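OK, TrEMBL features for this one:
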- 1-45: region 'Disordered' (REGION)
- 29-43: compositional bias 'Polar residues' (COMPBIAS)
- 88-122: region 'Disordered' (REGION)
- S228, E235, D264, K460: UDP-alpha-D-glucose binding site (BINDING)
- K461, D485: Mn(2+) binding site (BINDING)
- 753-777: transmembrane segment (TRANSMEM)
- 783-806: transmembrane segment (TRANSMEM)
- 827-845: transmembrane segment (TRANSMEM)
- 877-898: transmembrane segment (TRANSMEM)
- 910-931: transmembrane segment (TRANSMEM)
- 943-963: transmembrane segment (TRANSMEM)
Amino acid sequence: MQPLSPAPVQSSEEQPETGLPPRPVSCPPQWSQPSLPNGQSKNGNGGATWSIMNWVMTGGKSYCGTMGNAGSYVDLLGLMKESARSTMGDHDAGDYHGGAGADDGHGSGDVDEDDGPERVDGKAWRPLSRKVKIPDDILNPYRLLVFGRITVLVLFLMWRISHVNTDAVWLWAASVGCEIWFVLTWVLEQLPNLWPINRVAYIGVLKERFEENLKGRSELPGIDVFISTVDPEQEPLLVTANTVLSVLAADYPAEKLACYLSDDSATLVTLETMAETAHFAKLWVPFCRKHSIEPRSPERYFGLTRDPYKDQVRPDYIRDRRFLKREYDKFKVRLNALPDLIRRRSNVLNAREEVEAMRQFHLADDDIQIQLLRKKLSRATWMSNATHWAGAWLHPSQDHTKWDHAGIVQVLSLPQGCHPQCESHERRNGMPIDFKEVDPQVPMLVYVSCEKRRGYDNNKKAGAMNALLRASAVMSNGPFVLYLDCDQYVYNSQALREAMCFMIDHRGENVAFIQFPLRTEGVNICDRYSNRNRVFFNVNMRGLDGLQGPVYAGTNCMFRRIALYGFDPPKFNILYQHHTVKVSRPDDEKPLLVHSNLPGKSKWLKRFGNSHLFLDSIEDAENQAKPLPYQPEGKSGHKPVVQREALTQEMVREAIGVVSCGYEEKTKWGRGVGWVYGSLTEHIVTGYKMHNRGWSSIYCIPKRDAFRCTVPINLTITLHKALWWATGSVEIFLGPNNAIFAGPRLNFLQRIAYLNIGIYPFTSIFLIVYCFIPAISIFTDQFIVKSLSVIFLAYLLGISVSLSILGAMEMRWSGITLDDWWRNQQFWMIGGTSAHIIAILRGIVKLITGTDISFAPALKSGQNNEEELADLYVVKWTFLMVLPITIMMTNVVAITVGITREIFREKHSWGKLIGGVCFSIWVLVHLFPFAKDLVGRRGKTPTIVFIWSGLIAITIALLTLSINPSSAAARLDFSGSFSFP
């Protein structure tokens, strides 16, 4: 289990826990010891095979003092310790996964990303990544204040429990119960945030090791990028095309990069959009390489408000940019015309087919032939090559609907080979662009639509991703997989290389995935509903990075392919490695972990299905994903160049087979392999399964955002999005993936973090009760305490001040702003009183009835101007608005009634009134963004909403007065205390 106190600093010479002792820092490749202690045995090469007992007894450390080079080792040890003190974090609870990352400049040490780590003893070996320390003068006061606030909260609860309000026991009991839950959930949420870390990646070292002096070749491992789209009407095709173009133009070798687009709707317009995108990419990709364009989404690049010619020194840049701008405008015109073009083409070809069918109909003399001819008269959707489209038709027909169609795999672009090619392109009716100095190759682009048939569950997004995982394994088999939503374009072209620094560093073999933060654009400055969610991505995720790693956030994530296949990490294969690996040669490759988990291909068939091409790809994917061995003598650490096999028709046919609807029957897909089925938040469960098997993850925050996206910013869509996430969390808590039942490989604080994900919607029950308590206390002329004593006020002051100081300290080391922190607090109230309570009901209904819950995809915006902010003021009716409006109206009515009653009362009791009014104002301030949006400039809330909310508020008021009708009537009897003059 993970201790709650900081662990000792792990210096640079200590290698991560991988099941084997770390390789010595200064030991040469071949070395031997004068004597071997018990438990060690000689091997044939004069080295030593370390035993597990010796590994445990030495505490995971490696000593070279018995060698003749002891003096130089001592000097080197001092240098490395000094380097560790200046660069490594003070807590390394999850250091067994090693890792790398990126520093965003917030509270991190001074590390120059371009220069990389200093050379040791003049040797050229340098790591690809390093952890960066958050200064102790920032973290230690933060931790101290957290535990101090916990102490204050515990003392406050003890005081509240011991001081019962006998005048209103029911009100006291309700408030104390809510406060206990709030304290418990806050403590559980805060504990995983106590050991945040930063990371830095050295991209220059990666390039030096894998690409320099290799005659144009690249030894970087392959990456398969998955992009999913559901509906071209909800997700504009221009947005998807820009995402694909940004991926194809990323700064990564074209022969090592492949992009797969999953089309859930199987529409022809999406395929032809991708065909146009592949055609335009032949210009856009080399243009980006030639001029180092950022960002590499043409829509965002041509829409930049800054000077596009700044920092451009090439004389032909202006000419090239103007030419690309014209071509991009033509590209958008062609995309906009595609739906009408397909419709007109289909009408013409259908008419021609009808004429031919009618001619044959008159010649037919058999009823069977007549029936067949009538069947041919269905209005099909035609491709550009005059053949029927295999997917969904514009006019749905049998075997050609969105939920009933054949599987489709179409290769749209393919690089020519593994060596860069330079040539000059000329476009007709335009100026030539000289690409002689860059590689004009475009990475592989593949369109995939999974087969769907009635009676088969396609498992929505998770099923589509698993189909892409199998198809890509057959066709390109990149050892790493990057998943992006269709609106997540590449904002930093170096992001893929930065992720590689994490994965193939000598300490990265136990890393399952790299999570990038979700960065948004198109959100107004005030960000009413915390759409940026910076508190989660800058505070919570960074805290988890100091444990077993961040959770999988659903997008912007790069996976190790074999981790998705459900294998255990290498560090849990100690016995197998002990008997086969010789540490006398630092560059020895470790055995396949798949062999130690699933010996024999017969078991693989039951687990992965009956595709032999897919099964053969597993071993190659594991080999290519291995991290670099430690090279103490300045060796480059190059891995053997493995060229991707040429794509054949057999591979494409096999890819169509593995995306068929019946392939997953009687296999482990969706249960122990790939993305997990059965949850709305399948990404959370998928990441949880990997952590539960012992894998770790890394959080990468580059200085320049890796990816950016657009998010829905109006109230209605935001509430439904919160409902989706909360419903998935309830499913996790009530299902078999509850973190309480996790295995021993899951870090203790990581377990708490996953537990928080499951229980946070249940806070809404207590939050709703707590929001009605001030109004009820005003109506009944009572309060949660007998009187506003000095002790009670002192506790409230201490709790509030400590929370504010904690927020300020989080701003120091995480980089969030005061506005981010406050908006997060407000949406905690808005979401808790609207979406989360409905999510609990839906989760319980699904648990009892077993019925599935479906949600429509969120609407994506393709605009990039001021009008896109107009969506902020669009108010569309949803049932999620009733409860927050009821809470606001109830508290407003209560404040009005309380003040009016106190004015006309002979014997005043301002203490209880002030307590209730302040409590109600606290509720209303948190709900202010919700109230402000209801009176937006572009929409109007239905009158029925206010009628229902008013009726509910009046009912609550009458119920509270009926608790003690005699005293309540006496308190509200103004007849004897007021008369007109």
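Backbone N, Cα and C define each Cβ position, glycine as well.
Automatic, uncurated: that is what TrEMBL annotation is.
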Any idea of the Cα spread of the UDP-alpha-D-glucose site, S228, E235, D264, K460, as a max distance in Å?
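Max span of the UDP-alpha-D-glucose binding residues, Cα based, is 16 Å.
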To the nearest Å, how far is the Cα of S228 (UDP-alpha-D-glucose binding site) from the Cα of D485 (Mn(2+) binding site)?
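S228 (UDP-alpha-D-glucose binding site) and D485 (Mn(2+) binding site) have their Cα atoms 6 Å apart.
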Could you round the CA separation between D485 (Mn(2+) binding site) and E235 (UDP-alpha-D-glucose binding site) to a whole angstrom and send it over?
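Between the Cα atoms of D485 (Mn(2+) binding site) and E235 (UDP-alpha-D-glucose binding site), the distance comes to 10 Å.
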Other than its own, how many Cβ atoms are within 10 Å of the Cβ belonging to D485 (Mn(2+) binding site)?
24
Give the nonlocal contacts of the transmembrane segment (753-777) in its own chain as ranges (CB under 8 Å, at least six residues past its ends).
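Distal contacts: 168, 171, 174-175, 177-178, 181-182, 185, 188-189, 192, 540, 544, 547, 551, 684, 688, 691, 726-727, 729-730, 732-733, 738-740, 742, 746, 783-784, 829, 831-833, 836-837, 839-840, 843, 883, 887, 890-891, 893-894, 912, 915-917, 919-920, 922-923, 956-957, 960.
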Cβ distance under 8 Å to D264 (UDP-alpha-D-glucose binding site), same chain, sequence separation 6 or more: which residues?
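D264 (UDP-alpha-D-glucose binding site) has long-range Cβ partners S228, T229, V230, D231, S449, C450, K460, K461, A464.
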Could you tell me which of these binding-site residues, S228, K460, K461, has the greatest number of Cβ atoms within 10 Å of its own Cβ?
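It comes out as S228.
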Counting every protein chain present, what is the number of Cβ atoms, excluding its own, within 10 Å of the Cβ of E235 (UDP-alpha-D-glucose binding site)?
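The answer is 23 other Cβ atoms.
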